[in-house]
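J.: My questions will all concern the structure given below.
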């Protein structure tokens, strides 16, 4: 007897599953508010060098003071990182002239002046992470994703060892603690450390929620459940835009996006541990209790005495026969993912796909320019774009299958990024349309990969598999913001890099097995 047969007996998608999904969806909205927070936390407003002894120019307007103190770019804008070593008063007579002698131009000597019209304060303005320190600003996101990467390894193993619910609660509690510590940071070093630890904690939520939900629903509703939970990522995206619009000071912004984790902690106490995990680990009595609770909520009061499952006092024995052939004392680890041929191939290919998905997604999500909109509206639009993409994927993964949907979504993401390298800059409308399409394909690829991966690995290794693939994905997420710095080598190089990685990794997805309408594997022998 398979677990799916039991789910049909107790109601594979009833009131119990709907309430469980609702709570897990609420939990998932916390993720994008931190994962994409860098767009606002580390935003760099327009700035210029601070001008010393500015009171000496009281008879000049601010524009004239800047004209004699700051050199200009070819397009007429003032430079952000350079100033004249002494005032150039002759420019007041002919502002079109620019000094040809570069020896009178120097880097900012007295700090910077920032435009606070859009952001009251960010970490860029707090610690002057601009110009020569620009790399430290981008590194903030990289350190966060390094934390997420480490957390994927930790929580992937622990949730297979100690259970889904316990580790999800631990993840949420730690997220609140480190999120609040980040908000109270008094130095850049403290912020980097606390954001890295926040990334470790949040990784548990990212890793556990979808497989946890998949283990409670029947085959027919797995796709729907996966897409529904993924839609709440997009809702979190939009919530981030609204919260950031209302809270313009970075300390309080961190408090605002961390607070909802407390609500998730309260709600999660109701959700029971995964019965599938309990059975796979020999905890049959607990699984029996949760299954009876599920049956009662779903109106299947005859479940305990159904002829197919014998009498109620025989039910634990029936459940015990469903456990995998796990020997006493045997444990699984990440090494188990590479011990057998088929599982080894799945692990290598799924790792490559996850890297490509995360690398291209965060490459697009952390570049909110090109829409002709302000940063808040761009973030909100990005969230809205994702929802129809997920609706379409709901249909496609059930018609075309997981493998084809995954591969083509990722390949088309790369092609859209590459197209914007070729399309001339004056064609802003066309570039915006292509960027929107690319963002949609990118989110479609991310939606599919979570569902697909949770179906590829057996129950005894599912969280280890999700931990491993999430680890590889977060490497992609950690590298994505640093790739922006390559524009100093060649302006289109970041986009070319995102394009190439997405297309290559999309092609690797064709090597994975199809899982459409296939029972979730319980043990390694089901895979092999």
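Even glycines carry a Cβ here, placed using N, Cα and C.
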J.: For the record in TrEMBL, which of the ranges 72-91, 92-111, 112-131, 252-271 is the transmembrane segment one?
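T.: The listed stretch tagged transmembrane segment in TrEMBL is 252-271.
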J.: Labelled transmembrane segment by TrEMBL, one stretch among 324-344, 492-512. Can you tell me which?
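T.: Of 324-344, 492-512, TrEMBL gives transmembrane segment for 492-512.
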J.: Of the ranges 289-310, 465-486, which one does TrEMBL flag as transmembrane segment?
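T.: Here TrEMBL associates transmembrane segment with the stretch 465-486.
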J.: Answer with yes or no whether the transmembrane segment (465-486) touches the transmembrane segment (346-364) by the criterion of at least three Cβ pairs under 8 A, sequence separation 6 or more.
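T.: In contact, yes.
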J.: Over the domain 'Major facilitator superfamily (MFS) profile' (87-517), what is the model's average pLDDT?
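T.: Residues in the domain 'Major facilitator superfamily (MFS) profile' (87-517) carry a mean pLDDT of 86 in this prediction.
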J.: Sequence gap of 6 or more, Cβ distance under 8 Å, 3 or more pairs: do the transmembrane segment (433-453) and the transmembrane segment (226-246) meet that?
T.: yes
J.: Check the transmembrane segment (408-427) against the transmembrane segment (252-271) for contact, please; criterion is three or more CB pairs under 8 Å, pairs 6 or more apart in sequence.
T.: no
J.: Residue list, the transmembrane segment (166-186) vs rest of chain: Cβ under 8 Å, 6 or more residues beyond ends.
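T.: Residues 27, 30, 34, 151, 155, 158-159, 194-195, 197-198, 200-205, 208-209, 212, 251-252, 254-255, 257-258, 261-262, 264-265, 268-269, 273 contact the transmembrane segment (166-186) from elsewhere in the chain.
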